[in-house]
Amino acid sequence: MFKRQENQSGIPFHTQDQDDKYAKAPIGVQSKSRFRFRMRHGVVALGLLALTYLVISPSSDSNGNSALKTLKDRVQIGNRKPSDGAQDSTPVKPSGGNTALWEERKDKVKGAFLHSWNAYRRDAWGKDEYHPIAQFGSNMVKKGQGFTIVDSLDTILLMGLKDEFEEAKAWVRDELTFDQEGEVNLFETTIRVLGGLLSAYDQSGHDQVFLTKAVDLADRLMGAFKTASGIPYASVHLKEGRGVPGHEGGISSTSEVATLQLEFKYLSYLTGDDKYWRVAEDVILKMKELESIDGLVPIFINPYNGQFHGSDIRLGSRGDSYYEYLIKQYLQTSKKEHVYKEMFDHAMTGVKKHLLGRTIPNDLLFVGEISKYSPQDLSPKMDHLVCFLGGTMALSSTEGKTLNKANFPRSKFSKVEEEDFKIGEELTEACYEMYNQTQTGLAPEIVYWVHKKSQLDGRHEPEHFEGSDFIINNRDGHNWLRPETVESLFYMWRFTGDEKYREWGWKIFEAIETYSKVKSGGYSSIHDIRRKDHIEFSDKMETFFLAETLKYLYLLFGSNDVFPLDKYVFNTEAHPFPVFDPPKSLLERPVVKVEPETEGKANGVADDKDLHLDGLPGHDQDDVDEALEELAVDADDTEAEHVPEVEVEYEESSEEVSTDVVEPETVANIVSEEAADV
């Protein structure tokens, strides 16, 4: 669909396919010629010339495009043919209002939420998860921890569903309890339940019901941080508030321990109790001192010695939200903590240096995976989870502000900001193509991007369709209704005002309606999206479908004055927290001393040599589905069980692990030498 610009280096921009009916004609960089004159006439003549200048001078001239053109020439950030009448590379700022068409589409998303919510209410009220085909609910722990209800609270408020909110609030007040037996995953419980409670507190006008529950939960989660290193365990026993080593050998995932900070810091700000802030902050500052590959870190960390474990480096499962929360911590506290911005920028330098590749035949930009022992060898494997990065890089460049000609033209970007924004645009485009290039219009969980023809040897449909930029292995074709692509579409629409992002989101929503909608109520994950005539439901509606996917679609189609991105920061579960100005006492960094668990409570290992990762689950989706079913507590069970948390965010790898790597010179040519400041 797109062609690479020839004979230029840097990050190629794309020429538009005439068959892409949803693409908006791009905006180019205008000529810099101006009228030049000297004052040789009287005041009257000068006035006439000035008036003539104002009428016929290109509007782009006032926005400094000479510097932008220099950057374009060196980094190749824009060689598209300008659309008729385009006068500036900065799109028009989206207005707060909304057209009738998009209001109608927004209401369709609201209808999808109610189709899901009413079925859940009918069949599984109070349960953690909903199975729409079998029409029943299941829990992670015996009494449940409010996954679906709490995760959906701010979506309900956003959509103005007053009756549904009052009923859900009553359940939280009267039924939700964390004083129960069972182990829960620290990360999932924090982002969904704690995050959901804190956002509901803010959006409900500070209803104390939600803050009280949040404090109770957070106090129990604090036990996970009681390790020798201060790096938390992966799980917590709810009733005892005791940390529990998770995964093989007791290690934790990098994203698990580094995606707690927005929630814990906001809770400290609300309560005035700095204990939550301190333990969460301590994790990131300790990680900052560890070895990295240009800011890129392995996806596992050992809570016993505080060191990274293993060699795998990726921005997909087990790594993704570590990077996301770096820039968002900087923004959350009114840009007072520059250390997180520096860490994010360092990591993005590593992304540009080590992780970027190009596809054939359409020259899409992708983010691959490496080993710390051979960073020159880039694997073309990419999880759908990586699709958060496009919007996040654009967020870093804009710091939440919308581009507009008058106050914030794109020409004001620094060289790094422009580069990051361009990468964000192209990654978002590639993620949309993960949907657009399948028969169903739905994306798989994992793709292997095609970067050389030899990858296609022996490949046949449905693993690869002619003209597609990726391979979908037999175990990678499932779709869990994930939010990351529509999340980035939402960010890019807010920042640029380019209608194509809305149209792309609408196409994705239509595909969800066509293939994932369950007639009796709800929406289901799908085992394999590669063939539209062979759809098989997984019978699982993930809570993030209500909390994230539908929320971002609703915001994408709605008015731009809702949750302005320079005043709110979304956690990784799409729960919006307001930006705040922290008191000086929270910004001071005292030494944190955390008492480690006793030997009897922490039955893990302390050294890397004792850790065995070969048996980690996740290589077979059938095994994953079976494990999820075994972990669920049926509604008819009468005795409490020890049920560990289900970590639905993670998908380790496909059935067939590709041995192809992207040639080093291919990656080196993607980002040019540093461009001039703008």
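Just so it is clear, glycine is given a Cβ too, placed from its N, Cα and C backbone atoms.
Note that the coordinates shown come from a computational prediction; the quantities given were computed from them, not determined experimentally.
Copied over from TrEMBL:
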type: REGION; residues: 1-23; note: region 'Disordered'
type: TRANSMEM; residues: 39-56; note: transmembrane segment
type: REGION; residues: 78-101; note: region 'Disordered'
type: COMPBIAS; residues: 86-98; note: compositional bias 'Polar residues'
type: ACT_SITE; residues: E188; note: active site, proton donor
type: ACT_SITE; residues: D320; note: active site
type: DISULFID; residues: C387-C431; note: disulfide bond
type: ACT_SITE; residues: E445; note: active site, proton donor
type: ACT_SITE; residues: E484; note: active site
type: BINDING; residues: T572; note: Ca(2+) binding site
Nearest of the active-site residues (E188, D320, E484) to C387 (disulfide bond), judged by Cα-Cα distance: E484
Proximal but sequence-remote residues of the same chain as C431 (disulfide bond) (Cβ under 8 Å, at least 6 apart): H384, V386, C387, G390, A443, E484, T485, S488
Residue among recorded positions D320, E445, T572 with Cα closest to the Cα of E188 (active site, proton donor): T572
Fewest other Cβ within 10 angstroms of its own Cβ, chosen from the active-site residues D320, E445: E445
Cβ neighbours within the same chain of T572 (Ca(2+) binding site) - under 8 Å, at least six residues apart: I191, T259, S321, E324, Y325, F388
Neighbour tally for C387 (disulfide bond), based on other Cβ positions within 10 Å of its Cβ: 30
Rounded Cα separation (Å) that holds between E445 (active site, proton donor) and D320 (active site): 14
